[in-house]
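Structure first, commentary second.
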Amino acid sequence: MNALLSNPFKEGLRKGDTQIGLWLSSTTSYMAEIAATSGYDWLLIDGEHAPNTVQDLYHQLQAIAPYASQPVIRPIEGSKALIKQVLDIGAQTLLIPMVDTAEQARQVVSATRYPPLGQRGVGASVARAARWGRIDNYMAQANESLCLLVQVESKVALENLDAILEVEGIDGVFIGPADLSASLGYPDNAGHPEVQRIIEACIYRIRAAGKAAGFLAVDPAMAQKCLAWGANFVAVGVDTMLYTEALDNRLVMFKSVQSVSTAKRSY
């Protein structure tokens, strides 16, 4: 099969396009397909905080595949074995959480690339990603089309940000606001002025290094701020949060109850 692998999400990052995404935490292919029909540029399938198995991730990739929205998978960690599984089921873009050092970033790069560029295990003949061995020159194409994003979400990671940005093979850096604010001493308060100052500075440093900058903002005003600061792949909501807010708001229209969604909410 003379198919050529492409990764529109990665191509958009290279061009500097602004790409708007949505976080998927519901773990179901049904919800993933509903989100894919909405027209978001990218959909983050969360395997870190949502109870997704590898098979769950697989089914959601299948559900999204017919649509223009591009899937991004966040595994629970950046282990070589887990990365191998997730890539084999067809993920082309990964977001790796809790990357604190340049050495960690290099290890992740190696885990996502086939030899001689890395240490990804070879098994294309049994992998959905290679159409079960039917894509010619798959290993070279996979190395080229892979998009790797890492999360900076701790005080240690901030101290090592410049070194992380120098690692070849990293396409973008995603700022994790919840963990970052907690690490800085402001738990559940990503809106604190000091945290905001640091986020803005990080986005500037990431873009200045020629990398894409990403963020998750469930508050529309914060999302607009990040876009204005230069972030070019921004998730503007979480499916489970949007669902609970809609349910609560609909209920309060008909019953004298306090809507949960009126309380301050953060990811």
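Keep in mind that glycine also has a Cβ here, set from the backbone N, Cα and C atoms.
Bear in mind that the values here come from a model prediction, so they are computed numbers and not experimental data.
Here Swiss-Prot has A178, D179 binding substrate, and the candidate from Q141, Q151 in that same listed site is Q151. Counting every protein chain shown, the Cβ of R74 (site 'Transition state stabilizer') has 26 other Cβ atoms within 10 Å. Within 10 Å of A178 (substrate binding site), counting C-alpha to C-alpha distances, fall the following of the recorded positions H49, R74, D88, E153: E153.
Cβ proximity to the substrate site centre (mean Cβ of Q151, A178, D179, cutoff 8 Å) flags the following additional same-chain residues: P97, M98, E153, S154, I175, G176, P177, L180. Largest Cα-Cα distance over the residues recorded as binding substrate, namely Q151, A178, D179, equals 12 Å. For the pair R74 (site 'Transition state stabilizer') and H49 (active site, proton acceptor), the C-alpha distance works out to 9 angstrom.
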